[in-house]
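Undergrad: Encoded as structure tokens, here's the structure I'll be asking about.
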Ligand SMILES: Nc1ncnc2c1ncn2[C@@H]1O[C@H](COP(=O)(O)OP(=O)(O)OP(=O)(O)O)[C@@H](O)[C@H]1O
């Protein structure tokens, strides 16, 4: 098979500004700003019909027979949903909301595919449990990264716009921007969203009074309850919440994730005893609208050449490139920048202010390609992202292929019914085996795409994004890799 590699022409990236799709709504859904407008263009019209069709398809995770009005929500929250152009609940929202709002409150362990609206479900539950007349913290939500905590806080604020709710984002070195307080000050905010370390610190130091907390949410719960510091910090917060006579946490405990590996699920049952459960079957884990490809790279280094060649395609929408380590992320970004490609590297070694600036710039579409580590693998919701590249295949702490992290990574695209493309780089037998193991576990084909013909690559991806092709029946080259031998 012909491959890109050191012999690849080093011509500057082709100008793809004129390509169909640029600066237009992501196929399959509308951009956030556009979703409110009445149908103004043919494309928006098509997009809206597509989402409505999916929400009417019983096999879609976006399917629901109910309206938000049927789910027992307060009128101010319905107003917030209308303002956000949430017309119908998704399956997880329809199923979770009545369970979350039942009285007396009961714990919930909820699982649903990436991008299917779990955040709205637990945000509505938090907003519903708050007594706005009470000047005290009543809901705490923990998320594994500052980027995700900030994003969840934004959803709380937007959805709660017609309520008088008070909120804070408790993450390290939170900037004062009028809405978010510095976490060093004691708070009475009704809803606290933050990262486990900072919130645990604040609770320990009495900066957060937990005596009135009614609901405690762990987003990305399987990750948070996996052994390690996150788990210890989450447990510390939970154990400081008021308890009943049987030493059970009085607050409603809500755990959400797209994945719950068996061992974490067992443990989750101890954390949230007697919980209502919404579970996915193994075959339901993958999101069908994300087409998965792999590219044969000649060797480890040639991945950079292929990435440079892909740049034009990656910037048609927005893309996230995942690699193993912070230093790899920096070195890929530096090499791309040497070729005058505009990319940003975001990872845990950057300071807080820089991280905020980088994600904000990416969210605003000012940066088109983000090179990152698993720090961005979970929860981040940027509808314009239509491509994901696994520069390195994800591995767990013991170095084994990590199918859960893979699902979360590729789930940064294909949000709420949109189409997305995931591209895996395979450069040796090891990475080939890792990819095949993940493919086997998730039971979805990962299909080879040729790397020697940029036009064909572009067409293949565009056809998927424009819904012309169902990859599983497309006849796209399914030969095995040269690394399979
Ligand atoms: N009922 C709805 N109608 C329209 N859009 C919705 C609805 N619910 C959620 N969304 C949008 O869908 C996108 C994905 O939602 P969200 O981020 O909550 O997914 P998630 O299930 O938490 O994903 P992940 O597993 O990646 O964390 C968001 O942009 C959100 O605004």
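Each Cβ is built from the backbone N, Cα and C atoms, and glycine gets one as well.
Okay, so TrEMBL annotates it like this:
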- 66-94: domain 'DEAD-box RNA helicase Q' (DOMAIN)
- 99-278: domain 'Helicase ATP-binding' (DOMAIN)
- 306-457: domain 'Helicase C-terminal' (DOMAIN)
- 1-35: region 'Disordered' (REGION)
- 66-94: motif 'Q motif' (MOTIF)
Undergrad: State the residues, same chain only, that lie 6 or more residues beyond the ends of the domain 'DEAD-box RNA helicase Q' (66-94) and have a CB under 8 A from a CB inside it; answer 'none' if no residue qualifies.
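TA: Contacts with the domain 'DEAD-box RNA helicase Q' (66-94): 35-36, 52, 55, 60, 101, 110, 112, 116-118, 120-121, 124, 127-128, 158-163, 278, 416.
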Undergrad: I'm checking region-level scores; what's the whole-number mean pLDDT for the domain 'Helicase ATP-binding' (99-278)?
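TA: Here the predicted model's pLDDT, averaged over the domain 'Helicase ATP-binding' (99-278), is 92.
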Undergrad: Would you list the DSSP helix, strand and coil counts for the residues of the motif 'Q motif' (66-94)?
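TA: In the motif 'Q motif' (66-94), the DSSP-based counts are 17 helix, 0 strand, 12 coil.
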